[in-house]
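Enquirer: What follows is a structure written as structure tokens; I'll ask about it next.
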Amino acid sequence: MADTLEFNEIYQEVKGSMNDGRLRLSRQGVIFKNSKTGKVDNIQASELAEGVWRRVALGHGLKLLTKNGHVYKYDGFRESEFDKLSDFFKAHYCLELAEKDLCVKGWNWGTVRFGGQLLSFDIGEQPVFEIPLSNVSQCTTGKNEVTLEFHQNDDAEVSLMEVRFYVPPTQEDGVDPVEAFAQNVLSKADVIQATGDAICIFRELQCLTPRGRYDIRIYPTFLHLHGKTFDYKIPYTTVLRLFLLPHKDQRQMFFVISLDPPIKQGQTRYHFLILLFSKDEDISLTLNMNEEEVEKRFEGRLTKNMSGSLYEMVSRVMKALVNRKITVPGNFQGHSGAQCITCSYKASSGLLYPLERGFIYVHKPPVHIRFDEISFVNFARGTTTTRSFDFEIETKQGTQYTFSSIEREEYGKLFDFVNAKKLNIKNRGLKEGMKQSYDEYADSDEDQHDAYLERMKEEGKIREENANDSSDGSGEETDESFNPGEEDDDVAEEFDSNASASSSSGDGDSDRDDKRPAKKAKIVKDRKPRKKQPESKKGKDPNAPKRPMSAYMLWLNASREKIKSDHPGISITDLSKKAGELWKAMSKEKKEEWDRKAEDARRDYEKAMKEYSKADSHRGERAKKKKKKQEKQVKGKGDKKGATSKSSSSKSPAKGMSDSFKSKEFVSSDESSSAESKKEDSEDEGAASPAPSSEDSASGSD
């Protein structure tokens, strides 16, 4: 028989909530590790008193009772695992794993039994339900009635708030059964009552979470935070871990208390209690106990009179009462020599501390990530500048934490730390020097396309082209600019001495509006395009043969439906990744089969392209002949038009001398043809009429 049994996805019932984790049974005892908090419950084999196997909502469950009265419940087992567990209990723990089913009659009257820290409501010999008394927050009595109130569970959608028991009035030996019932509950219940004096009090401590100044009263079983607005009572059983962290300025200290379940104020939950101390603050502390009680209770860890730094006294007292180790930073040292890294998480700046078994970020919001729950880490480029980088952590549950704006000088130290802890690194950047500006955090996967790098290279080319443009066009401005004081202005103003020189000599009889000085034509140099414009692509011929597919694409088209059926609901990107993995793992013989199909497709394509090229050449020859014919027709029309315009231009000056000058480009073809026809008519009339006599000319001159 194996010495150990391990079960994954086992659920432990704690204060009404089901916490998933891993259960391990060995010769030494039973160990359960909570996946969410990392808390470990260790039950020694010598402490086990009873084991019960029964059917529950999540399959089958295991209930373990210890000799000191503690009860542990684990659910999520399969029915087939009973024999294996039963044999293991007999061989290593010398216990019979008893099978007990719950009563499902639905009766609401029965017998209450108190066993250790468990209240069991039984009908006959079968239990109906059980209540761990540690879940009880308050117990009140009435006439023949007892009311139990429970701690509220934040993780559960529905929480049981209270249960009332009716106790029949019977007198046995003068003992009231209602009071006896209540005393049995209160003796084991987790009821926080500030009875008696506090062991010690720390006044006006600065608290970052929850924010404010609080007096901390230390009681034997709980911690009392007393502020001006709110009070919090924190049982020591809810404390998971203690951290003592030095600030980066080396003048302050953080003392962090991790809580599960968290303290709450309204809808706000505080999973961490963070206190900030100055190293220069000292205190003399006297415990409210005599020396014998101190020695008996704390076994030398505390003394009645103590003095020292305030943060040392608080951490020392908390360590003794909670009975947990204090976690401090390990051997990590950043670029500046500090044991932390300045970074930003979400919208706030804070400090990230690499510890021996995890990371912790303070202070807003506080985050603690254990190494055993990390899936991988990633070093990414800074989103705003290349002087910083981002550190990303993804857990096995899929939660991602991004710590941004970390100085690039911290990269080498942090990379060495992560590498030494053997954490999975998604990418491996250039550790030495980080000289390359773009690919200093390049992904280790060489096949992955880096769009960011390509974009930066393209922008660099554009900047170089612009610089070349400015050097080539030096002294020539592309846009009109205002340059006061220059002698050679482009525009001659009206009051300039040479204003008339810019006007046309033939405009003397024109309107005043036409007397405005003419502007020189502005010479604008054509700008070079930023990017080389691609040549206009010819339209793709739909009749052209399609290119052949590769062996991988042929296999993918044939296997796509099978992959979808094997993985229902898979996305397109995940399907591509899965197909790549299957193709990579495929044997060489199977790949050769698809290579042959791809080769056959290539031959068919080449054959089809030859036939298509022949047909295309015939079409091209016909198109060339047609184009030449059109060019000849256009040329013939142009020759006729040129001859007509030449004859008209030779005749026009005789008549045009008396008319106002018109530029050639402003005369339309219709006007020119009409003017020519009028001119021909006038010439015919002049030739037909006789020449005037000298007498007529003399009378005309008078």
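Just so you know, glycine gets a Cβ as well, placed from its N, Cα and C.
For 545-613, the entry in TrEMBL reads DNA-binding region. The compositional bias 'Acidic residues' feature in TrEMBL is assigned to 474-496. The annotation compositional bias 'Low complexity' is assigned in TrEMBL to 497-507, 644-660, 687-702. What TrEMBL records for 517-531, 621-630 is compositional bias 'Basic residues'. What TrEMBL records for 532-544, 609-620, 631-642 is compositional bias 'Basic and acidic residues'. What TrEMBL records for 545-613 is domain 'HMG box'. Summarising the annotation, TrEMBL assigns region 'Disordered' to 458-551, 609-702.
Give me the local environment of each listed feature.
Expert: In terms of DSSP secondary structure, the DNA-binding region (545-613) contains 56 helix, 0 strand, 13 coil.
Distant neighbours of the compositional bias 'Basic and acidic residues' (609-620): 543-545; these residues of the same chain sit at least 6 beyond its ends, with a Cβ under 8 Å from one of its Cβ atoms.
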Enquirer: Counting each residue once, how many in the compositional bias 'Basic residues' (621-630) are helix, strand and coil under DSSP?
Expert: 10 helix, 0 strand, 0 coil
Enquirer: Take every residue in the domain 'HMG box' (545-613), average their pLDDT values, and give the whole-number result.
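Expert: Its mean pLDDT is 87.
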